[in-house]
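Here's a structure for you.
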Amino acid sequence: MSMSNFLFTSESVTEGHPDKVADQISDSILDAIITEDKTARVACETLVTTGLAFVAGEITTSSWVDIPDIIRSTIKGIGYNDSSMGFDWSTCAVITSIDKQSPDIAQGVNPGEGLFEEQGAGDQGLMFGFACNETPVFMPMPIYYAHRITRKLAEVRKNGVLEFLRPDGKSQVTVEYDDHRPKRIDTIVVAAQHAPNVSYSMIRESIIEEVIKKVFPPELIDDKTKYFINSTGRFVIGGPMGDCGLTGRKIIADTYGGQGSHGGGCFSGKDPSKVDRTASYMARYVAKNIVAAGVADKVEVQVAYSIGVAEPVSLMIDTFGTGKIPSDRIAEIVRKLFSFKPANMIKQLRLLRPIFKKTACYGHFGRNDPDFTWEKTDMVEPIRELAGI
């Protein structure tokens with residue numbers, strides 16, 4: 001961005017948003033399979049709509065998992081437990097259509113079967129990682145607080161503080177920047193699905209008091225901050241009844257809220273051999289450690305692949321002018337300390353574990369969870385040593 005003073009907006013959605021229901025189903029199936037078969041190839045897509053969950057994809061595995069049961073238990077855990085919502089775990093129809101992974105793809109991924117000996121990338125493509133020092137978790141402030149709102153909406157719904165809430169919901173946070181640094185919260189937008197017999201005034205007041213005020217530090221909010229709560233006046237029909245949900249439709253909320261770049265590939269339902277997911281996690285790991293090391297205030301890492309080839313075809317580092325050393329020097333350090341070969345990324349980040357369902361809502365990045373190994377900052381000292389800072 002050329003402007004130094006500007007507004008920037010990011011959004012998040014709750015676990016009951018139809019697209020996120022689909023993501024969680026896809027990743028729940030992946031978790032169940034990877035628990036039994038570490039070598040499985042999974043590409044699992046989900047569609048949810050009124051009274052129906054449809055799962056299709058390409059899965060090659062030696063294990064057997066009860067996909068309909070996984071679908072229903074995931075929906076139940078989210079909170080769709082009443083047929084009046086138009087989508088209910090116990091009564092919705094479940095349809096599956098699963099094929100095996102194409103052998104033409106498999107021979108490029110499986111070690112020793114294609115043109116190259118090493119495990120190759122599962123597809124061509126470009127992936128990005130991003131980090132900045134705006135928040136304690138090295139995420140941009142707008143998406144950081146947007147996720148905190150949606151997590152809080154789910155929390156107060158599930159613990160009974162706001163019993164009138166239903167699972168679907170969205171948030172949007174606009175941050176005012178001054179000289180490229182966050183200054184204040186300009187606008188907060190919340191859409192929260194609710195029971196039909198609740199007044200608008202109660203919904204608005206309750207969300208401001210029990211969600212917004214519990215999420216934002218008072219120094220970021222002022223008398224000019226604008227609130228838009230359920231700004232149509234009513235949000236009763238929601239979830240898969242209100243909108244058809246599909247896996248992979250929330251890739252910006254999944255990543256950095258529109259800051260930085262995105263290669264276009266989604267994450268959910270994909271096993272770790274898919275570089276859309278694994279290389280994006282690795283690029284975040286690299287970017288976060290660079291910023292945590294103090295080498296730059298903001299950094300973006302791009303990596304790209306050819307299908308069946310282990311080594312990336314390109315690696316790019318951009319510090320947006322904030323680097324303490326030149327970007328080409330940072331790239332040299334990255335090449336020395338990190339490997340972007342699929343097998344090495346999977347090993348370093350320990351991705352052959354059933355950890356993916358919890359990545360499927362509230363962001364894949366900026367989470368303080370030990371299972372999110374790509375969020376560790378354990379490479380800070382080696383980076384500092386090579387950077388000479």
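Just so it is clear, glycine is given a Cβ too, placed from its N, Cα and C backbone atoms.
Copied straight from Swiss-Prot:
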| type | residues | note |
| --- | --- | --- |
| BINDING | HIS17, ASP168, GLY169, LYS170, ARG234, PHE235, ASP243, ARG249, LYS250, LYS270 | ATP binding site |
| BINDING | ASP19 | Mg(2+) binding site |
| BINDING | GLU45 | K(+) binding site |
| BINDING | GLU58, GLN101, ASP243, LYS274 | L-methionine binding site |
| REGION | 101-111 | region 'Flexible loop' |
Please report how many Å separate the Cα atom of GLN101 (L-methionine binding site) from that of GLU45 (K(+) binding site), as a whole number.
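Cα of GLN101 (L-methionine binding site) to Cα of GLU45 (K(+) binding site) measures 13 Å after rounding.
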How big is the ATP site in terms of the longest C-alpha to C-alpha distance among HIS17, ASP168, GLY169, LYS170, ARG234, PHE235, ASP243, ARG249, LYS250, LYS270, in angstrom?
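Binding-site diameter by Cα atoms for ATP: 36 Å.
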Can you name the residues of this chain that are 6 or more positions from GLY169 (ATP binding site) yet have a C-beta less than 8 Å from its C-beta?
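Correct list: VAL13, THR14, GLY16, HIS17, THR150, LEU153, ALA154, VAL190, ALA191, ALA192, GLN193, GLY238.
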What is the nearest of the binding-site residues ASP19, GLU58, ARG234, LYS274 to GLU45 (K(+) binding site), using the Cα of each?
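In terms of Cα distance, GLU45 (K(+) binding site) lies closest to GLU58.
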If you draw a 10 Å sphere around the Cβ of GLU58 (L-methionine binding site), how many other Cβ atoms fall inside it, taking every protein chain shown into account?
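Neighbour count, Cβ to Cβ under the 10 Å cut-off: 16.
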If you count other CB atoms within 10 A of each CB, which of HIS17, ARG234, LYS250, LYS274 wins among these binding-site residues?
HIS17
Expressed to the nearest Å, what is the distance separating the residue listed as 'Mg(2+) binding site' and ARG234 (ATP binding site) at their Cα atoms?
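Distance between the two Cα atoms comes out at 21 Å.
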Along the region 'Flexible loop' (101-111), what average pLDDT does this model show?
69
